[in-house]
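**Student:** Starting off with a structure, shown below.
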Amino acid sequence: MWQFIRSRILTVIIFIGAAHGLLVVGPKFIRANQEYTLVISNFNSQLSKVDLLLKLEGETDNGLSVLNVTKMVDVRRNMNRMINFNMPEELTAGNYKITIDGQRGFSFHKEAELVYLSKSISGLIQVDKPVFKPGDTVNFRVILLDTELKPPARVKSVYVTIRDPQRNVIRKWSTAKLYAGVFESDLQIVPTPMLGVWNISVEVEGEELVSKTFEVKEYVLSTFDVQVMPSVIPLEEHQAVNLTIEANYHFGKPVQGVAKVELYLDDDKLNQKKELTVYGKGQVELRFDNFAMDADQQDVRVKVSFIEQYTNRTVVKQSQITVYRYAYRVELIKESPQFRPGLPFKCALQFTHHDGTPAKGITGKVEVSDVGFETTTTSDNDGLIKLELQPSEGTEQLGINFNAVDGFFFYEDVNKVETVTDAYIKLELKSPIKRNKLMRFMVTCTERMTFFVYYVMSKGNIIDAGFMRPNKQTKYLLQLNATEKMIPKAKILIATVAGRTVVYDYADLDFQELRNNFDLSIDEQEIKPGRQIELSMSGRPGAYVGLAAYDKALLLFNKNHDLFWEDIGQVFDGFHAINENEFDIFHSLGLFARTLDDILFDSANEKTGRNALQSGKPIGKLVSYRTNFQESWLWKNVSIGRSGSRKLIEVVPDTTTSWYLTGFSIDPVYGLGIIKKPIQFTTVQPFYIVENLPYSIKRGEAVVLQFTLFNNLGAEYIADVTLYNVANQTEFVGRPDTDLSYTKSVSVPPKVGVPISFLIKARKLGEMAVRVKASIMLGHETDALEKVIRVMPESLAQPKMDTSFFCFDDYKNQTFPFNLDINKKADNGSKKIEFRLNPNLLTMVIKNLDNLLAVPTGCGEQNMVKFVPNILVLDYLYATGSKEQHLIDKATNLLRQGYQNQMRYRQTDGSFGVWEKSGSSVFLTAFVATSMQTASKYMNDIDAAMVEKALDWLASKQHSSGRFDETGKVWHKDMQGGLRNGVALTSYVLTALLENDIAKVKHAVVIQNGMNYLSNQLAFINNPYDLSIATYAMMLNGHTMKKEALDKLIDMSISDNNKKERYWGTTNQIETTAYALLSFVMAEKYLDGIPVMNWLVNQRYVTGSFPRTQDTFVGLKALTKLAEKISPSRNDYTVQLKYKKNTKYFNINSEQIDVQNFLEIPEDTKKLEINVGGIGFGLLEVIYQFDLNLVNFEHRFKLDLEKQNTGSDYELRLRVCANYIPELTDSQSNMALIEVTLPSGYVVDRNPISEQTTVNPIQNMEIRYGGTSVVLYYYKMGTERNCFTVTAYRRFKVALKRPAYVVVYDYYNTNLNAIKVYEVDKQNVCEICEEEDCPAECKK
């Protein structure tokens, strides 16, 4: 069945001469590379044919001709003639017109201006999710379409840019190649990105075509959703809002919990709040207190916080609820927008309730001005009061007024129509619309028709036309084939002559389908998690198909990330949308019409409602553990097979939820196809487990692991639930130590979440697998899942590394002794010892590029450790001709992530700052700019103009003396402090300019002035740190005093002949020694650099990095430069590792560059001996670690902790105060960090810090490790007290809690620190265990 809706009739009045009848109709718009069709109809009864000259021409604004096409045509009597013009591909913007001239004695001349449409392509963007967490990967597709929704043949690539919330370019693809009109790629979001709304934009030929946003934020995907709606439509007279609250898991089952409801009235002030227990659905009434409305409707705000039972997971919903003064509204439904004087005018008052249902029984008085109409009446069962009014010939306006007995009032004016005829023609659909099927239309006219003309328009052109002769009938059955050319939308126009008037009607055809009839279906609507699902696709053979599936819960954030049927309709309408024009109806159809001089087109008005044409749419077993909990999946491209179909089998994730599956297809000939709406299916089990596990616990603590069981089988069953002791990592409290599993039984009624818990202790540090299985009905229904929680040490881990570097130019044999420095107070069982042989200096750096520093990196300078080492590694790999493409790819990818991270700290003036929006820093801008310039060799995302702007800003900060001083805050005193005449910072800035080829030329004067300043200061430089950077700057500049500076620097060095090491003793000795090594390399003193390298490699961390950012940056740079000169191609040696009475052998040749590891060294080993014999070079490393109780640290900060009384067992408020203890009066630390770790079971929310002191404000805050740690950053600390309060909440039950700690330290000198432990509630096992878990001592 299909429904008819009355269509409006368009009447064109044409004054016709006695012997003339000609109509020319054509599109009003032209586009490049598109067909243009003109239709000429001859209804001249005297001439058997007319001859015409058609001329299509165009010129630019300055008169240059861009189009000139002519055609001679003849049109026979009572016939149509369709004339096609093919527009050239290179058609450009200009002034276009078509001219029609009569020939061979036929007098006719008409012109029509045509509008050039430049938009010939459009774009769409699809993203796999609307919101992303830090560290996620963004998958996206760009789709380009032409006016026929096909891949544009002339566009081969696009320019794609991704920008962060500050509009910094994070990634760009300058020539993103299209396949079937699609470009697909991804972006790895870094773990510490700029949070907010990001943007993907697509450009073609320099113009933006389409863009889309997505959000990056910290979030937890809710397992359930809450809906809040009025139980009844609220009215002022009710003085209350009645709400229905529904809470359901995404897989459809009800949620049990507590709903906290808050009502806000005028000025958004809290009016009242209530709490109610809800199981799936609940209702609550919130009564007003004398609520008075100023208008017919007013919004109030309702906030509902729903807290799930057992887990405390919370969903917050806010709703605007409209309160109405009256229970109904009214609308005037008119036969036509205007009335005709002297003819009956039918209309009706339509009364509806605010939920859309008819409002019957509404009584009131109806009055109509100017016609003397007045009556009291009541709305019928359809909510209608029907009126038939009789306007006279002199009536100009009808004023329709309604007054109800309850005070409701309505008024509307209706104007008369300006017309000279009562004739009209009507087009009605008599059949469904189906592709390649006949459509039947009934054409009805008030006059007998000798002929009528029909036109079919689609995609901006006339695709069909016909001249019909109904033999003087008033009705005619028109049959047209629904061709593919009409899809997806078309218009049909009919016209005839009635007396001296041409009347016409038109209708819209919406096929609700596309030429590429793509279809997608799945074999099951409900499936168990982790099982296979079969997708069936059909469409055009060989067509591209893009698939995506995502968790329905993501739609709570946004749904604009995906592609929907409505998006395609908007793209199509964007090409072909026409502005309505009541004075030119042909223009409203995208056409123009021209006829003879004595025929006049008058404005047309509607006489009846329109018919909207309806579309043709028809009305004991092996248990697998669930470990895959993706939020989006099935991001896949496939092709339709030759048969026009394709099947695909995929494994669904292990999440129990509802999924949305979407798909589209593109064919070069038939264009785009997309499914009408996403396919929704549910992953659910008849019986399943939901976990609520903590992020981390400490070894030895007694922890309650909480699970919830769900049973959808309709009857109550006894469930056996087993927790496994995987790899002997777990101890079951109150059970024998040898138990490998623990099984409990619990009764599980249907459709109710039943909690069950296990009390355990973790035996080992690291990751602990939590594996649980539950079964009912003797194992016929089972579920099992496995997740990992982190087991943290009770003490603080102390990593150590001893190294020795050897470089043998000829065959040698040497023994290297290693004595392990393990603290006597180290915790028992915490020692780990490893030997590592590294034939390549940078191998470990490459392996650990994504995790070089364990310390926080939450400011603009520290963050560079995620960027700079990748540049150095790439420099090394390319310099040594490495064939390790996977290493190059890894470093390049991490380089992009580091760049993405760093753009958070770019300031509006082009410089860089230590914090977001904190102001500029000379030091950091120099550091970043030179690094990005170097990085641009390996990634094209870096904007050269951005680097140039930073260097320009830098150059503008030079003092007239040539010196540079820091403009921003000082957090690295030796570099920025301005002490010792600012030599260090001036040298640092000069190195940045000298290492940039463009800046070196552009700012040559700045460099020269700076070098003059340094050379004048050289004799007075007595600090090794200052001299090392100044010497390196002189080396880069090729300054005449570079040798003098290097000799002076060497004189300041310290040599250790026993270890064959050289270094410079100062507060920044790693950085100083690294700059010295860079100068050695530039002076080609490679052999002299070996002892310096020996010392540097002994300062490295396990990861291959150095303790801090600048150490790592300069240290790796220096080692890289020397390593490029020393090739491992001659390596050929044997290494003997001796410990206790054991010996282990390693043989190394030039083919081996990977690290050799040996882990099986007993923890009681105190001494190792390593012998190397052969030729070549390598690095010997002994890595060891032990845990040390937190009380064994010396303090250089004063740190005080105070637990505040909250009155709740579930809330922790900790007051933290710290200040620096100076050795000299008024001295201060460098950048200082305070890290607060929380006791097991406690986590913070998004804004945990309050009551902070403002004398020395907190600059940045990071929440780490799943909310179990908070890091605060200060520019520096002095003797002032720096205090704040951190608030955390207990989410999990833990007994025998280990103490937590707070640590404060100087980032650039970690020897300056303080650490304090604190404890919260001292619960014992008996207080948190359930009866069957409790050990024997609890039962006494």
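Cβ atoms here come from the backbone N, Cα and C positions, even for glycine.
Swiss-Prot lists these features:
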type	residues	note
SIGNAL	1-21	signal peptide
CARBOHYD	ASN68	N-linked glycosylation site
CARBOHYD	ASN199	N-linked glycosylation site
CARBOHYD	ASN242	N-linked glycosylation site
CARBOHYD	ASN312	N-linked glycosylation site
CARBOHYD	ASN481	N-linked glycosylation site
CARBOHYD	ASN637	N-linked glycosylation site
CARBOHYD	ASN728	N-linked glycosylation site
CARBOHYD	ASN813	N-linked glycosylation site
CARBOHYD	ASN828	N-linked glycosylation site
DISULFID	CYS1217-CYS1283	disulfide bond
DISULFID	CYS1326-CYS1338	disulfide bond
DISULFID	CYS1329-CYS1334	disulfide bond
**Student:** Given the recorded positions ASN242, ASN728, CYS1217, CYS1283, CYS1338, which lie within 10 A of CYS1329 (disulfide bond) by CA-CA distance?
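**Tutor:** CYS1338, listed in sequence order.
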**Student:** Under a three-state reading of DSSP, tell me whether ASN728 (N-linked glycosylation site) is helix, strand or coil.
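**Tutor:** Looking at the DSSP assignment, ASN728 (N-linked glycosylation site) belongs to a helix.
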**Student:** Taking the disulfide-bonded residues one at a time (CYS1283, CYS1329), which has its Cβ surrounded by the most other Cβ atoms within 10 Å?
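**Tutor:** Ranked by Cβ atoms within 10 Å, first place goes to CYS1329.
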**Student:** In angstrom units, rounded to an integer, how far apart are the Cα atoms of ASN813 (N-linked glycosylation site) and ASN828 (N-linked glycosylation site)?
**Tutor:** 37
**Student:** Of ASN242, ASN481, CYS1283, CYS1326, which recorded positions are close to CYS1334 (disulfide bond), meaning a Cα within 10 Å of its Cα?
**Tutor:** CYS1326
**Student:** Taking the Cβ of ASN68 (N-linked glycosylation site) as the reference point, list residues of the same chain whose Cβ is under 8 angstroms away and which are at least six residues distant in sequence.
**Tutor:** LYS55, LEU56, GLU57, GLY58
**Student:** Tell me the Cα distance separating ASN199 (N-linked glycosylation site) from CYS1338 (disulfide bond), rounded to the nearest angstrom.
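**Tutor:** Here the two Cα atoms are 59 Å apart.
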**Student:** Would you mind pulling the DSSP three-state label for ASN813 (N-linked glycosylation site)?
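**Tutor:** Note: ASN813 (N-linked glycosylation site) is in a strand by DSSP.
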**Student:** Using DSSP and three states only, what is CYS1326 (disulfide bond)?
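**Tutor:** Helix, per DSSP.
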**Student:** Nearest to ASN728 (N-linked glycosylation site) in three-dimensional space, by Cα, is which of the recorded positions ASN199, ASN637, ASN828, CYS1217, CYS1283?
**Tutor:** ASN828
**Student:** State the Cα to Cα distance, in Å, between ASN481 (N-linked glycosylation site) and ASN242 (N-linked glycosylation site), rounded to an integer.
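**Tutor:** Between the alpha carbons of ASN481 (N-linked glycosylation site) and ASN242 (N-linked glycosylation site) there are 55 Å.
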**Student:** Looking only at ASN199, ASN242, ASN481, ASN637, ASN828, the glycosylation sites on record, which one has the least crowded Cβ, with the fewest other Cβ atoms within 10 Å?
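**Tutor:** Checked ASN199, ASN242, ASN481, ASN637, ASN828; of these glycosylation sites, fewest Cβ neighbours within 10 Å: ASN828.
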**Student:** I'd like to confirm something. Which of the recorded positions, ASN199, ASN242, ASN828, CYS1283, CYS1326, has a Cα closest to the Cα of ASN637 (N-linked glycosylation site)?
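**Tutor:** Going through ASN199, ASN242, ASN828, CYS1283, CYS1326 one by one, the Cα closest to that of ASN637 (N-linked glycosylation site) is ASN199.
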**Student:** Distance between ASN242 (N-linked glycosylation site) and ASN199 (N-linked glycosylation site) at the Cα atoms, whole Å?
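**Tutor:** Cα-Cα, rounded: 41 Å.
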